[in-house]
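As structure tokens, the structure follows; a few thoughts come after it.
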Amino acid sequence: MTLATRARVGAGDVVEPPRPALAVRDVAVELGGRLVLHGADLDVGAGELVGLIGPNGAGKTTLLRSILGLVRLRSGEVTVDGARGRAAARAIGYVPQRHEFAWEFPISVEDAVLSGRVRSIGWLRRPGVVDYRAARAALDRVRMSHLRKRPVGELSGGQRQRVLVARALALDPRVLLLDEPFTGLDVPTQELLTALFAELAQQDGTAVLMTTHDLVGAVHGCTRLCLLNRTVIATGTPAELDDPALWMRAFGIAEHSPLLTALGISSSPRAARAGERS
Amino acid sequence: MISIGEFVQDLLNPDLGFLPKALLVAVMSSVVCGVIGCHVVLRGMAFIGDAVAHAVFPGLAVAFVLQGSLVIGGAVAGVITAVLVAVFSQNRRLKEDSIIGVFFVAAFALGIVVISTAPGYAGSLQQFLFGSITGIPDEDVLVVAVAGTLLLLVALVLHKELVAVSLDREMARAAGLPVFWLDLVLYVLVTIAIVISVQTIGNILVLALLITPAAAARLLTDRLGVMMLLGPVIGGSSALVGLYLSWSLDLPAGGTIVLVATAVFLVAWFLAPRHGLIARRRGRTAAPTPEEAEGAGVLVPGS
């Protein structure tokens, strides 16, 4: 909780902590009679890029789906700018995993982005000037405007990911949720996308939360990390999460795991020996 | 073989009153199937179309035995099965295709049992399975026209929602679209499109009317709007040409119409401007630009 409500201290005076754009409070979710998530607390403030990391089955996707209102909460609540339920869901842009989208569909990049606004356009109505403008602005934001007439089936993996991001941005969301945006992409593409997400957070003041298995990329690219395994084990800046015990708990790994070395947070040799002795 | 002029004369001949009715019903139902079929093809739910086509059968049989309207009987049975499938497939332990497998064969079996109780059932069974251009009552022409118009209206009104669900169910759900109800509407649209087509083309062949024109249209374009125009045009003209050929060569109408549509599909496969076999052959000789080489999809030089 203290990490979540960090007060910004400037020139000696204490400023009220800004209300987080996305607040997850004590969320528990039961799926098929199994408690897959409990006591989950997480805040994402405007302008933050938070990486949600944890092993398979840790409940990352379930947490995203809870935020979207797609699974029933057993307890707890999710608010976006203080709003709950449908009002909260409207302020969230969702970027699902790439395979969720029917890429063989005969549709242009621009129309795919417009499809993100289907609900705000409303029943019985066709997209209007406002909607096209929003789609154009979103495509500009992800630098895909030059391909807006291209059928989506002819795009590369990185371009597809950008289209999905633009589709979410077309709603001008306060919160952007990204589910495994890097799966199946090469390193240069991953880095370009990370830069884009950071830019969306910093320049547009969007609260960005993404799940990822690219831990090294997350440590370098995210402003904050959230370690998840059935519950939130820790949140903080990458520098704050330097205790190997947290990572060992989140990922169920041993203290000599190459993962910790790769992340540059392996325990010092003396500490490791102390661990062996005990 | 009779000429087109003679075919037109026959259409106008009052003694052959069933012929213009059959032509009207065949063309109207092919047009409707061409539009609805685009959704079926793009969602990869051809199996559901097949299921509904079979599921319609007991309704036809009951209507036949009770001397009621075949269109209404088929629609009721098809819709009931579609709803059952939609409801039962909410259980995630069984996949949708298994549920469909259970219900549509059961429905077909029920139809066969029901129709066997009617006198002289062998002849009518064949009529149901393979279609017939004679014996379409006047009111059925009207029913097909009204039902077809309603169907196209609903498909138009819900177009962007149906497309959004087809594109990405998860996002559609997150956006707050009633995905279950939209699925149900699409199933019902498919059912009614099949029911109004079953009489002329037959229960077994009706799936072709739904799938083949839409699939040919998909090969010819990368734009949804164009596809949804091409589908009904291909379907309608296949029905027209097919019926003419069947009449002039004394061939079964349903089979001929389906073969004409299949011929159109094969032509599209070979000649399609970007994805066709010939275009791809020719495309392979030119080197793709670097940007396109990076693309994971189909490589189309010069686009």
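Every residue gets a Cβ built from N, Cα and C, even glycine.
As recorded in TrEMBL:
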- B:22-42: transmembrane segment (TRANSMEM)
- B:70-88: transmembrane segment (TRANSMEM)
- B:100-121: transmembrane segment (TRANSMEM)
- B:141-158: transmembrane segment (TRANSMEM)
- B:179-198: transmembrane segment (TRANSMEM)
- B:204-221: transmembrane segment (TRANSMEM)
- B:228-247: transmembrane segment (TRANSMEM)
- B:253-272: transmembrane segment (TRANSMEM)
Inset, instruction - Please give the sequence-distant neighbours of the transmembrane segment (B:141-158): residues at least 6 beyond its ends with Cβ less than 8 Å from one of its Cβ atoms. - result: 21, 24-25, 28-29, 31-32, 35-36, 39, 69, 71-72, 75, 182, 185, 189, 192-193, 195-196
Inset, instruction - Answer with yes or no whether the transmembrane segment (B:70-88) touches the transmembrane segment (B:179-198) by the criterion of at least three Cβ pairs under 8 A, sequence separation 6 or more. - result: yes
Inset, instruction - Report, as numbers and ranges, every residue of the chain located at least six residues beyond the transmembrane segment (B:70-88) whose Cβ falls under 8 Å of a Cβ in that stretch; write 'none' if there are none. - result: 48, 51-52, 55-64, 94, 96, 99-100, 103-104, 107, 111, 140, 143-144, 147, 180, 183-184, 187-188, 190-192, 194-196, 198-199
Inset, instruction - Counting only CB pairs under 8 A, let me know which of B:22-42, B:204-221, B:253-272 has the most with the transmembrane segment (B:228-247). - result: B:22-42
